[in-house]
Amino acid sequence: TAGAMRAAGLLLAWALLHPAATQQCHPGSPGAVLRFTDRHAEIRVPALHRVPSSLDPLYGLVRRCLDLIQQNPLPTELLRTALNDPSSVRTSQVVQYELGYVVCAAVALLFTVAVPVAGMCFCYCRSRRRCGGRLRAHRRSLGCRRRCLLACLSFTSLIILISVTCAFVTSQRVKGQMEPGLGAVPATLRTLRQHLANVPQGVQMVVDKFEVPRKQINSDLGGLSRSVGLSIHAQLKAMTHAALADLQDRAGDLQTSLHHLQILDRTARALAAARAELEPALRERRRRVVALLDDPRCTSCASVLGRAQSLELGADYGKVPSVEKVLQALDGLPRSDFAEMIRQGNGTFNSIPELAVERMAQVIQDLRGDLARTAEKVQSIADGFPLPDYTRPVSEALVKAEERSRPYLREVKRFERYRWIAGTVLCSIILLILACNVVGMALGAYGLSKREDPSDYECRGEAGAKFLLVGVGLAFLFSWLLILLVFATFLVGGNIQTLVCRNWANQEIYKFIDTPGNLPPSMNLTRQLNLRRDSNLSSAYRECKSGAGLWEVLQLDRSYNLDEDLKTPKYTADFQKRLGDFTAHLGDVRLLRSEGRQDLETFARSGVDEVDYGRFQEEMKIPVVQTSLPGLARNLEGLQKMQRNSTVAGRLGAEARALWQMQNSTVQSQEALVAKLGESVQFLSRLAPHLKERVKKTLATTASVEARLPVLAQQILRQEIGCFTRKELRYFTQYLNWVGQTLREDVASCQPLATALDNGRVILCDRIADPWNAFWFSLGCCTFFLIPNIIFAVRLTKHFRPIRNRLISTGSEETCPFHIPRVTALKL
């Protein structure tokens, strides 16, 4: 139909305008990202971090106190002298640097001497009944003073309780962190040695993972040829099928036009012959009907006479144009089998995927060989990796450090055990002193509430006073041990914080180590660790912390650049060149053979469009007989009924039947031929004006498609190979990037060295030194608050004993005064 032809034409035009730009590279599927197994590092140094704690405010307070005590910076001159020539170190230098600690030592010494001496004096006074006795007189202000002393003693006891609780907690934290912290030293050193020893195996493991992209690329190569063929087929299908559909339409036009032309010629001849046969019979019939109607005996026949006289033939198909020349021009057409031609063209086009598989088989085999050679090139990464020969000094230094650290670690562990035992015992004694205070104040206050007369003896008040004096005695007895433990732990922990931790955090230690001459030659870390000659410990630490590889911080005989070894073109050049040079002819499709083209050209030149189909249409508008035979026959039948003369009536009936017979036998057959002729004329008249244009367009389109198919197929082939190349290069790039990342951050990373140093600072300073310093600070608070505790307790004991109202002083506090008898009420 015209609609279908128009649609096919539009489709073909679109296909010709958009032949090869209809598809870009396929979007990457989820499988385009390579998945490598977990990295080599079963051996790792886990990074430790400071854990927030509820005691952080206490730790901060202690650090600020230590900063006030030790305000001097790192003593570089003193340390340089001590490390290089210990015998030349002057005591004055040490005292000058440790001046804050010297002052604290003097205070501790004073406390150690003064408190026991004060305790002995107190004991002497008690033996002479001078201290902790009774009040001599009752005054109105005694109640206020008693309450004030109770409040002060309660306050100091509360402070001591809080301090001893903190001392207990921090002591347990030191104990809990000391053992794993000391164990982490040799464990970390062993881990670092294993990390260095496993570098060659790790590098080989990384190289062996090339099997992952290799399998993926081999898998992609297996489907490359069919994918290319299917892509060419899919992108050119619309254009090819549109051209074949247009060709099929022209072949159909040829067949249908030839069929209608033959019908046109046969029908026109048949109508002309039928007219020649009908003409004498119709003329004779007209003569007979006119003679009958003109008979005077025929009643009322004059009205029909005029119609009978006009009875004559109508259309003359002998006058229409002849199509014989056109039929002669089309004689023998079509000489070619268009249906078979179209089927073969479609089959050839549909076989492009199989043809691509066949044509690309050799190049795919060559690409697999290139991939195998690439695996050998990748192996050169492991073969040329320079580290195994240069990490030996580092390993030896780690072994020495581990061996030398063990005795010191055992001693530290032993002394920590002694510290914990001493701290626990002394904290328990402080709790005992607090218990004496609490019991003494409770019994004393209860006794006071039960005593009616201040001078009366009350056993509970007396017991309270004795408990307070026991606490005072314990404080005097153990205060010197407390201050010795506080000073010993303070001296160790304070110096660790101010000399080590503070300067470790601000990198001053690294600067001291890096300064030439500060360390003796035997402690030259740059040489012992085989660091680069232009490097030092600080820069190596920073590089390692930022993720540098070992080969970037160690001194090598020749420079090694991993990035150069991991450049993608080094491994993909042959693979990429072979794909870039590949060509194949995949679009040679013959849509129209030469005999078919000649048939269509003959069809266009046949003159089908030159026939005057309008003449046919004009003749077809004229009826076969000018006067309607059925109408005239019905008129004669009507007149027959009106006649009185039976003879005339019989003749009218006979003529009517003759007319009906002529209509049914001759005229109707001619009208059927006219209708058949009309169908052919209608088709040919509609086709003729556009015939040459359509045939010309079909021939041009078919030739254009045949010429463009190989070119477009080659373009699509290049596009698909380009997409494939980029996809496979991404696999190479992913692998090589993973190799570089794994070697730098894992297998041959020097980051574990930096992590080990950071872990050492976290363990020593954050997990041990902070609670250690908080311990002596808390215990020191307990110790110093024992002084006001002693004073308030001694003063308070007098208020819990009966008041002595003496009339006569004998010089002895214990002389019994004269008592006036108490008047008692008599019960009646």
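Cβ coordinates come from backbone N, Cα and C, glycine included.
According to TrEMBL, the feature signal peptide maps to 1-22. Per TrEMBL, transmembrane segment is recorded for 99-127, 148-170, 420-446, 467-492, 774-796.
Sequence-distant contacts of the transmembrane segment (99-127), counting only residues of its own chain at least 6 positions beyond either end whose CB sits under 8 Å from a CB of the stretch, comprise 68-72, 469, 472-473, 475-477, 479-480, 483-484, 486-487, 490-491, 494-495, 783-784, 786-787, 794. Scored on C-beta pairs under 8 angstroms, the neighbour of the transmembrane segment (774-796) with the top count among 148-170, 420-446, 467-492 is 148-170. Sequence-distant contacts of the transmembrane segment (467-492) (same chain, six or more residues past either end, CB-CB distance under 8 Å): 101, 104-105, 108, 111-112, 115-116, 118-120, 122-123, 126, 132, 419, 422-423, 426, 429-430, 432-434, 436-437, 439-441, 443-444, 772-773, 775-777, 779-780, 782-783, 786, 789-790, 793-794, 796-797, 800. Counting residues 6+ beyond its ends, the transmembrane segment (148-170) has Cβ neighbours under 8 Å at 55, 58, 423-424, 427, 430-431, 433-434, 437-438, 441, 445, 771-772, 774-775, 778-779, 781-782, 785-786, 788-789, 792-793, 795-796, 799 in the same chain.
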